[in-house]
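Here's what Swiss-Prot has on this protein:
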BINDING   41, 45  Zn(2+) binding site
ACT_SITE  44  active site
């Protein structure tokens, strides 16, 4: 690790697939509380800009930090080009960027609204901790920010000026004189302390149960943010599933999730203890996303994480019991937060400023001081690869499992690939639990992508498909049939979601071209993401949720590279209507 004079920390991470990865602590959704919620997320969308033909890049905003990364495409750019590109998001010739024109901000706010719509249609993205800390359940920004459009340039400028050296963590895959010079002349020029220190009054958030959609019964227990507690949590994270951490307002919470309600109840009542046995040597081999989160969340970790290995493996037998004592003391005093699974649309007693409703109650749980049972947690095993075909009847369940456990989903033409550390029995236990089954069915919008895909690739009518909705994934398995487009180029339907999808054909269509279209639509504020699957040579199935379906359709139908197409445009309504979808697609069975 290299530390600049202003406090910027630079790590060489040869195992990452990113040429440069930059994180900024104290710069996430929490920063917006008391101001305009969504400012941090808006800034992320404005800053990131790159040539999709030369680079792969992305950015994200979390509760307490923001992160940005960029990597070069081999043969089209170099790692140094990627580093220069990321630096250009923050710095221009005059130094740190300060100018944000209203004309550009407007389209990014529209993009934020599309992201909100996407995340609420497909995922459960509500943040219980930020809500309890006086934020909203969703803090990523909404279309209502347009009401303060003229104020946003100055607000964004002030936010940029709040960036300081000690808040910056940088990972680079390779470090040489050129890269070091680029970093020193840019991030190395940031101030070492803020010009102003805002006065914030922390909101007490302990002793609450919040009822919201969740695949598990989750308890967030506040513990002291000491170095030994942090290292102990990292040990538990390496050994066990469903153990993690959260930070809010500089407070540290150990999160422990339970599949069964009786285990959750016995833990809170004190009648059961958790089996926190460290049965193997700790290695601290984490991915770069986890490491970035860790360095940004815990400023007390001032060295490379591997420098702590000897301390951990020498003292783990005393560190873990100390953390346990802290956990049980907080449980006894009620200093914890519970996320209790609830899927009712009518049950609520509070609402945030965006009128998202939920249930929040006090924890009035009597603690028993004599535990009689021990709860064994799910252990992490060696890495396994799980491949699920689109034809698998449990496809959606596995997707929800991966999302609920924060696992990356890799897609290809025939299915998805998930890398995990679960045993077969543990996966079966989760998938068969009543709470998880309710969770996986609580967001049906994702099914529309496969309903329409099945219509295009199979010989089934839309009526047949709707009658077998529960097994629709099986119906849309990868057929070897030849698809011939008919005369009708558009179907208008009504569903519970607003989206545009369809099949598009053209001799020059490539995945790179579709990726470029996605970014152009994003910059126009028309979509958040675009999913596509190649059905056969030069023919793709496209799907995108959008609150502007007509604008997206007009853009797609004006692309000259699409020589043939059939578009499905869905208007959001309370009642579904697929009656317009008469089979005009010819399937040549083979």
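Using the three backbone atoms N, Cα and C, a Cβ is placed for every residue, glycine included.
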For residue 45 (Zn(2+) binding site), nearby residues of its own chain (Cβ under 8 Å, 6 or more apart in sequence):
59, 108, 111, 112
With Cβ-Cβ distance below 8 Å and at least 6 positions apart along the chain, what are the contacts of residue 41 (Zn(2+) binding site)? List them in sequence order.
29, 61, 112, 139, 140, 141
Below 8 Å Cβ to Cβ and six or more residues apart, same chain only. Which residues does that give for the residue listed as 'active site'?
59, 60, 61, 66, 68
